Amino acid sequence: MLKAKIISTGSYVPSRRLTNGELEQMVDTSDKWIMERTGIRERRIAAEGENTSDLAYEAAVLALSRAGISASSLDIIIVATITGDMPIPATACFLQNRLNATQAAAFDINAACSGFLFGLSTANAYIKSGMYKRILLVGAEALSRFTDWEDRNTCVLFGDGAGAVILEAADGQSGILSVDIHSDGSYWELLNLPGGGSKYPPSEEAAANRLHYIKMKGNETFKVAVRTLEKLVIDALEKNGLKSSDIALLVPHQANLRIISATATRLGIGMDKVMVNLDKCGNTSAASIPIALDEAATSGRIKENDTIILEAFGGGLTWASAVIRW
Ligand code: COA
């Protein structure tokens, strides 16, 4: 049966590291608190003038060169992001232009931290239906531009970066086995960026009220995340007739080490089977899974025929999982 297969990966993070020690100088926090409560040691910050599409471009170029294909052969470009260069046009259009991917239709997806997996669901459906054959999917974020550097509840969490995958139609055993996406808009108040849209358009008042920064009720979000993710992964395994012991690697959204280890404990898998890089990157929202996936794939942690689970949880609220035979 026709499947969508990830034929290559790529990622890019900006060179500037922002350490917990530096954050101690900016807000009332400590390296100890951040490490214990989140597992984050440092995060990357985009340089001035380095925008989301620039991060996406670097990741995409790497994925294209590793696949040995040219951008002109792409049918579709999807960018999952909540921090696009501009409200209009889509960041995917900036990327298409820079890549000179003249044949590709390009659009963005907003599902916050679950965005990459919502994009994967879309790409999977396009390829399985036979509608398109070759898709570039990128998760890219410049969250530092929307982070309130005076709010210790959120500013210690986020980082910038991008990860990309190329998907193609394939006939064999390997490829995407399932992608499941979910939303519950009744929880929208837990995590949002209120300003800049039609509800609170840009204005001096909106700026004075700091509405253009990300707001999160962290503890409430944490509780829903833990509860939801445990069931999500178990459901994904059951759907494919798999057991926890079949998982070669779990690649979770990198929000909080405590959330990640709670999921691993519930599944009964050791942390040696979990990809964690949030200590280096922080939470990069839609970019976090493809960055972690790229690191896992290029460092030899994923081998051919391995069963990989991806899972994410984020603003919306949204949550999603994918099961892949590599
Ligand atoms: N440094 C020091 N203290 C801090 C702090 C910081 N950076 N941020 C918050 N605190 C304080 C709080 O003010 C609070 O103090 P109080 O008890 O005096 O009121 C205390 O630490 C506990 O805060 P709380 O929010 O309950 O902490 P927590 O254990 O829930 O951890 C998060 C906070 C944000 C790390 C955690 O809730 C989390 O990761 N949430 C989920 C994030 C997520 O998955 N989002 C969806 C995907 S993006």
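Glycine is no exception: its Cβ is also placed from the backbone N, Cα and C atoms.
The annotation active site is assigned in TrEMBL to Cys113, His253, Asn283. According to TrEMBL, the feature domain 'Beta-ketoacyl-[acyl-carrier-protein] synthase III N-terminal' maps to 107-185. Per TrEMBL, domain 'Beta-ketoacyl-[acyl-carrier-protein] synthase III C-terminal' is recorded for 237-326. The region 'ACP-binding' annotation in TrEMBL covers 254-258.
DSSP gives Cys113 (active site) a helix state. Taken residue by residue with DSSP, His253 (active site) is part of neither helix nor strand, so it is coil. Close to Cys113 (active site) in the fold, though at least 6 residues off in sequence, lie His253, Ala255, Asn283, Ser285, Ala286, Ser288, Ala312, Phe313, Gly314, Gly315, Thr318, each with a CB less than 8 Å from its CB. Comparing the active-site residues His253, Asn283 by how many other C-beta atoms lie within 10 angstroms of each C-beta, the top residue is His253. Using DSSP to sort the residues of the domain 'Beta-ketoacyl-[acyl-carrier-protein] synthase III C-terminal' (237-326) gives these counts of helix, strand and coil: 38 helix, 22 strand, 30 coil. For the domain 'Beta-ketoacyl-[acyl-carrier-protein] synthase III N-terminal' (107-185), the DSSP counts in helix, strand and coil order read 26 helix, 33 strand, 20 coil.
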